[in-house]
Amino acid sequence: MALGLKIEQGEFKRTESTFRNWITASGESDFPAEANRYHLYVSYACPWAHRALIYLKLKGLEDIISVSVVHPVMPEESWTFAEDFAGATGDTLYGLEKLRDTYLKADPEFSGLVTVPVLWDKKQQTIVNNESSEIIRMLNNAFDAFAKHDIDLYPPHLAAQIDEINEMVYDKINNGVYKTGFASSQEIYLQAYNELFAAMDELEQLLASQRYLVGDVITEADWRLFTTLVRFDAVYYGHFKTNKKRLLDYPNLWGYTKELYQVAGIAETVNMAHIKTHYYASHRFINPTGIVPAGPELDFYAPHGRDGDYLAM
Ligand SMILES: N[C@@H](CCC(=O)N[C@@H](CS)C(=O)NCC(=O)O)C(=O)O
């Protein structure tokens, strides 16, 4: 199977990212933070790339780091720069046709998995990093000299707690929906499904007594959870068969998702047309007709019921 997905004995395994360089605030590294030097290749559909877009907005880095958006439909050989879909920008740097060409420009020998997001260095014409968890850490603190908003989503005193919750959220929820959806044995599907909903139940409980995942401030952990929750009812519930409950059936998680959605700038990072089209039209082994469901109708702007001013921007 293409799609860069590894399915071993019915079980989905996510491949390790390949480029792992680090941008630093000071000029000592090969990749110092500079205005207009770096570029992000993203898909609006992808929950991992979505993290990076959220950070650009929250930090106010849109004028410092440019962005190209791939076409939502991902063919077997991976993402393309086709522009025949609203919001797909093409490759605004080099006019290449496919994201694989970008990887080959960085490394002509590259034969691995082509994924978004990609953080690109325009100066050295190479990939800095293609691992979203690392890209958002760099966006959080390497560009503070240029960021419009003074906000730290990974403050040192909360780092250990954030790491701990991230681990659970990554395994059971972010990647858990994929493990459920790409399972090709009933037993493996059921195991991932049960683990996913046990974790959802646990977080529903947690959010009954505290506003955010590590207490009363929004952190990296919340944004990492958000990108999965915002796709849950529109895509995962149907396409990935994560249908024990909808997000709407969890009052705390649903209120929390709406609250995060309503944070300034975030709604602009959520493109439901790209999200739905990507999953339903790309994974033909799950959805052979490629029909994209019209519903559900979700109102992320409805009152969230989780009061207070917390993120003054
Ligand atoms: N570990 C990576 C995962 C990124 C990832 O899996 N992206 C998916 C899209 S959601 C992708 O580009 N897949 C390409 C493929 O499967 O061929 C990260 O978090 O950055």
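Note that Cβ sites are derived from N, Cα and C of the backbone, with glycine treated the same way.
What TrEMBL lists as active site, nucleophile is Cys46. Counted within 10 Å of its Cβ, the other Cβ atoms near Cys46 (active site, nucleophile) come to 25, all protein chains included.
Trp79 (glutathione binding site) carries neither a helix nor a strand DSSP state and counts as coil. Take the CB of Trp79 (glutathione binding site) and look out to 10 A: across all protein chains shown you find 28 other CB atoms. Summarising the annotation, TrEMBL assigns glutathione binding site to Trp79, Glu131, Ser132.
Per TrEMBL, the feature domain 'GST C-terminal' maps to 155-279.
Taking Cβ-Cβ distances under 8 Å and a sequence gap of 6 or more within the same chain, the neighbours of Tyr178 (active site, proton donor/acceptor) are Phe12, Arg14, Phe240. What TrEMBL lists as active site, proton donor/acceptor is Tyr178.
If you take the C-beta of Tyr236 (site 'Lowers pKa of active site Cys') and look for same-chain residues 6 or more apart in sequence within under 8 angstroms, you find Val177, Thr180, Gly181, Thr228, Thr242. Under the heading site 'Lowers pKa of active site Cys', TrEMBL lists Tyr236 (among others).
Residues or ranges marked as site 'Lowers pKa of active site Cys' by TrEMBL: Tyr279 (among others). Tyr279 (site 'Lowers pKa of active site Cys') carries a helical DSSP state (H, G or I). Spatially close to Tyr279 (site 'Lowers pKa of active site Cys') yet at least six residues away along the chain are Ala45, Val235, His239, Phe240, Asn287, judged by Cβ distances under 8 angstroms.
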**Item:** Secondary structure at Cys46 (active site, nucleophile), reduced by DSSP to three states
**Value:** coil
**Fill in**
Distance filter, Cβ under 6 Å of ligand 1; input recorded positions Ser132, Tyr178, Tyr279; output Ser132
**Message:** For each of Glu131, Ser132, count the other CB atoms within 10 A of its CB; which of these binding-site residues has the top count?
**Reply:** Ser132
**Message:** Averaging the per-residue pLDDT over the domain 'GST C-terminal' (155-279), what integer do you get?
**Reply:** 98
**Fill in**
Three-class DSSP assignment, Glu131 (glutathione binding site), comes back as coil
**Request:** For the glutathione site as recorded (Trp79, Glu131, Ser132), determine the largest distance between any two Cα atoms, in Å, rounded to the nearest integer.
**Result:** 17
**Request:** Sort Tyr236 (site 'Lowers pKa of active site Cys') into helix, strand or coil using the DSSP assignment.
**Result:** helix
